[in-house]
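Some notes on the structure that comes next.
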Amino acid sequence: HRVYVEMRFTVRDCSSLPNVPGSCKETFNLYYYETDSNIDNKISTFWNESPYLKVDTIAADESFSQVDFGGRLMKVNTEVRSFGPLTRSGFYLAFQDYGACMSLLSVRVFFKKCPSVVQNFAVFPETMTGAESTSLVIARGTCIPNAEEVDVPIKLYCNGDGEWMVPIGKCTCKAGYEPENHVVCKACPAAMFKANQGMGICAQCPANSRSTSEASPICICRNGYYRADFDTPEAPCTSVPSGPRNVISIVNETAITLEWHPPRETGGRDDVNYNIICKKCQSDRRGCSHCDDNVDFVPRQLGLTDTRVFISNLWVHTPYTFEIQAVNGVTNKSPFPPQHVSVNITTNQAAPSSVPIMHQVKATMKSITLSWPQPEQPNGIILDYEIRYYEKDHHEFNSSLARSQTNTASIEGLRPGVVYVVQVRARTVAGYGKFSSKMCFQTLTEEDYKSELREQLPLIAGSAAAGVVFIVSLVAISIVCSRKRTYSKEAVYSDKLQHYSTGRGSPGMKIYIDPFTYEDPNEAVREFAKEIDVSFVKIEEVIGAGEFGEVYKGRLKLPSKREISVAIKTLKAGYSEKQRRDFLSEASIMGQFDHPNIIRLEGVVTKSRPVMIITEFMENGALDSFLRQNDGQFTVIQLVGMLRGIAAGMKYLSEMNYVHRDLAARNILVNSNLVCKVSDFGLSRYLQDDTSDPTYTSSLGGKIPVRWTAPEAIRYRKFTSASDVWSYGIVMWEVMSYGERPYWDMSNQDVINAIEQDYRLPPPMDCPAALHQLMLDCWQKDRNSRPRFGEIVNTLDKMIRNPASLKTVATIPAVPSQPLLDRSIPDISAFTSVDDWLSAIKMGQYRDNFLSSGFTSLHVVAQMTSEDLLRIGITLAGHQKKILNSIQSMRVQISQSPTSIA
């Protein structure tokens with residue numbers, strides 16, 4: 001250590017002393033001597049100067065004279081000297097005077113140290129200074145309770161003056177503790193936490209979490225809430241999402257497009273994605289198993305971020321169940337399986353697979369005869385084969401085509417000695433399959449042909465002789481047989497044919513049979529509809545009334561099958577035989593159809609009362625009312641998906657030569673997955689004269705739904721698939737307008753007159769131009785110019801594959817290419833109240849919203865904004881647009897008219 005000596009003393013100025021000898025001094029010396037024992041022997045040599053070490057000669061800064069002494073003004077000096085380092089237990093100080101007139105007033109001996117201190121949340125002990133005045137002594141610190149070191153070990157330096165300097169490292173409060181006054185780490189109270197070590201303070205527990213003890217580094221999630229592995233402790237606890245909504249499935253042969261709405265509840269997270277679980281089922285949808293690896297999912301099967309997936313390579317005519325799971329970052333933390341929505345579909349017939357191989361049967365100079373096996377997966381009846389061939393040295397673009405009704409073909413008109421590349425593909429009613437792999441075959445050269453001919457000459461001669469003998473024998477036999485032949489009348493067919501080959505149909509295509517062609521209508525019912533024992537049927541509730549009786553929701557439990565929901569049409573008591581025949585004719589019609597977009601007949605009950613027709617149950621009911629209830633809630637792609645399903649069903653019906661005659665949104669049913677199915681195949685309304693329903697108007701002895709019917713069908717009763725296409729165009733308009741009434745409040749006669757004058761419906765609000773153009777195509781006056789349903793399906797498929805084509809919204813040009821009906825905006829001056837105005841624009845359901853919020857006059861209503869509509873409870877986007885458009889027109893009319901408006 002180093003020792004400091006503070007001396008207070010006075011010195012008299014030598015010049016102020018009279019008769020001062022020359023030995024007068026004004027300084028003295030300071031010495032020290034280290035020892036391990038007391039030295040108090042007067043004769044000891046240690047009292048001599050020699051063992052002492054001189055510290056310094058001490059001189060006074062100020063001295064005093066005799067004058068000062070007389071006035072008692074002593075000038076005291078204070079000097080501090082240090083020495084060291086000391087290595088022994090003690091030391092002696094010595095002051096040597098060489099003749100100075102001085103007084104040593106006091107001596108203070110001390111050493112310097114750095115005091116104990118708390119700095120940077122660490123405690124540093126009392127530390128002695130170093131041996132030299134410039135020395136720095138390192139002091140190691142210890143973190144205070146509930147604090148931890150950060151990075152490097154913490155230390156301070158004690159300098160020669162006893163001051164701390166140069167701090168290195170620090171401690172901070174550990175997780176669960178917060179700093180207080182920079183010297184204490186205080187525990188976080190209950191309901192608060194601190195996740196990390198550092199200077200941060202405690203915070204309230206995030207949403208859906210709690211802490212019940214002090215010093216919590218993390219808050220525990222409440223029941224049903226979780227944190228993902230990558231979530232920080234500061235993040236709120238979240239839950240799993242609810243299931244996806246409003247699934248639309250579009251089946252295209254052995255592929256399907258699925259679309260859906262996101263879950264209503266995301267669990268408080270923004271990382272929702274979707275998994276598709278594919279299950280292939282038996283025909284009764286029992287014994288489902290996971291799909292194999294051959295099924296393709298685009299963009300992928302798991303972790304989808306978009307609400308759309310395209311699935312292909314499915315089996316033909318096979319029931320599938322697809323589960324669309326909604327998952328997020330905490331789904332794997334929940335003990336429960338992900339929420340999902342299921343959709344059941346049945347694939348259609350696909351095109352055949354490729355032909356595996358070809359064989360050369362024969363070759364000549366100008367022809368090649370080939371044969372091949374049937375495709376491994378014909379997926380239907382092979383109608384014919386198409387052969388593509390071209391010279392190997394030429395490009396594929398120069399290929400030629402040939403067709404064969406069998407699996408052999410002779411390609412004629414070839415060049416001698418040339419190698420040809422040949423491919424073949426099969427065709428069914430579903431279309432062409434893929435071409436086979438390329439194979440090469442060569443025609444004979446002239447030399448090869450002559451050589452082969454020489455080898456066959458003996459065989460040809462022998463065959464000719466045998467042929468003459470055979471012909472003579474054959475003539476004799478034919479003479480004998482002709483005498484025994486008798487002609488009989490053609491046998492009468494005992495069974496009705498269910499498959500015809502017509503000029504329009506393809507071989508093997510099932511054709512619709514009109515049940516009214518049966519002499520006994522019961523025969524048609526037995527042939528096309530399955531009889532169900534009434535004990536298997538349970539009626540639950542009335543859901544409507546049909547033309548012949550009430551309609552119920554019920555349950556059907558067939559033996560060895562699961563129970564399903566069904567719709568049950570009943571025939572009211574007191575029916576006539578004609579009414580019974582008409583009632584059951586719909587079942588005879590439905591029973592002939594098997595398509596995912598046609599309502600499915602489960603069976604009939606005819607052996608007990610009441611007579612029943614049992615069909616699959618469609619949860620969302622009729623399409624028109626469903627759209628009105630969900631105005632503005634679907635994307636354009638979802639609406640197009642609905643239209644595509646309806647068109648696919650109608651394509652199926654038209655290919656069976658069935659004409660619907662009453663295609664309208666009210667006759668389309670919607671299930672829980674938003675799959676649309678064509679229904680209502682009863683013909684009785686056309687045979688009666690019931691004026692109770694204004695939708696149907698008498699024409700030429702029958703009932704016609706004028707607003708949906710093609711002009712040739714109204715005028716001439718000419719119903720064809722082309723007239724169904726016209727009706728489909730009206731259905732398109734209904735869908736895009738969310739269930740508005742076609743031609744609004746026009747009378748049926750006004751509608752007929754407008755159509756005859758070539759007026760057509762304008763595009764509904766926000767309707768894509770491409771869809772309105774398709775409507776106009778369906779409404780061509782010349783029925784031969786209208787598209788077929790197959791073309792409509794293809795057009796809609798292209799729109800679905802290219803959503804950008806639907807972004808252009810249709811507008812009515814100043815000079816339209818075709819005159820469009822104008823639903824003129826009502827004259828505001830004709831209204832006397834807000835109630836009248838709302839009724840005129842078909843928004844009367846919001847009357848109480850307006851009046852209870854103070855919007856009681858049209859002048860006040862004219863100033864409303866979209867925010868006002870939200871505030872009074874109008875949340876549907878479609879209704880907001882409709883009301884705002886009318887309000888905007890109201891403002892214009894108010895500004896242009898001086899008429900007083902209520």
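These residue numbers are counts, starting from 1, taken along the chain as shown.
Just so it is clear, glycine is given a Cβ too, placed from its N, Cα and C backbone atoms.
Annotation source Swiss-Prot lists domain 'Eph LBD' at 1-119, citing sequence analysis. Feature annotation from Swiss-Prot assigns topological domain 'Extracellular' to 1-459; the stated evidence is sequence analysis. Feature annotation from Swiss-Prot assigns domain 'Fibronectin type-III 1' to 240-350. Annotation source Swiss-Prot lists N-linked glycosylation site at ASN252, ASN344, ASN398, citing sequence analysis. Among the features that Swiss-Prot reports, domain 'Fibronectin type-III 2' is placed at 351-448, with the record citing sequence analysis. Residues or ranges marked as transmembrane segment in Swiss-Prot (evidence: sequence analysis): 460-480. Here Swiss-Prot flags 481-902 as topological domain 'Cytoplasmic'. Summarising the annotation, Swiss-Prot assigns domain 'Protein kinase' to 537-800 and lists sequence analysis as the type of evidence. The feature ATP binding site is assigned by Swiss-Prot to ILE543, GLY544, ALA545, GLY546, GLU547, PHE548, GLY549, GLU550, VAL551, LYS569, with sequence analysis given as support. For ASP662, the entry in Swiss-Prot reads active site, proton acceptor, with the evidence type sequence analysis. What Swiss-Prot lists as domain 'SAM' is 829-893, and the listing cites sequence analysis.
Here the C-alpha separation of ALA545 (ATP binding site) and ASP662 (active site, proton acceptor) works out to 18 Å. You'll find the Cα of ASN344 (N-linked glycosylation site) roughly 24 Å from the Cα of ILE543 (ATP binding site).
Annotation for the binding-site residues ILE543, ALA545, VAL551: lowest Cβ count within 10 Å of the residue's own Cβ, ALA545. Within the set of recorded positions ASN252, ASN398, ASP662, the entry lying nearest in space to VAL551 (ATP binding site) is ASP662 (CA atoms). Closest in space to ASP662 (active site, proton acceptor), of the recorded positions given as ASN252, ASN398, ILE543, GLU547, GLY549, is GLU547, taking the CA atom of each residue. Within 8 Å of the Cβ centroid of the ATP site, not counting the listed residues ILE543, GLY544, ALA545, GLY546, GLU547, PHE548, GLY549, GLU550, VAL551, LYS569, the chain contributes THR570. In the three-state DSSP classification, ASN398 (N-linked glycosylation site) falls within a helix. Around the Cβ of GLY549 (ATP binding site), the number of neighbouring Cβ atoms within 10 Å comes to 19.
Within 10 Å of the C-beta of GLU547 (ATP binding site) there are 17 other C-beta atoms, taking all protein chains into account. Note: ASN398 (N-linked glycosylation site) has non-local neighbours TYR390, GLU391, i.e. same-chain residues 6+ apart with C-beta under 8 A of its own C-beta. Residues ILE543, GLY544, ALA545, GLY546, GLU547, PHE548, GLY549, GLU550, VAL551, LYS569, recorded as contacting ATP, have a largest CA-CA distance of 14 Å. In this structure, the CA atom of ASN252 (N-linked glycosylation site) is 37 Å away from the CA atom of GLY549 (ATP binding site).
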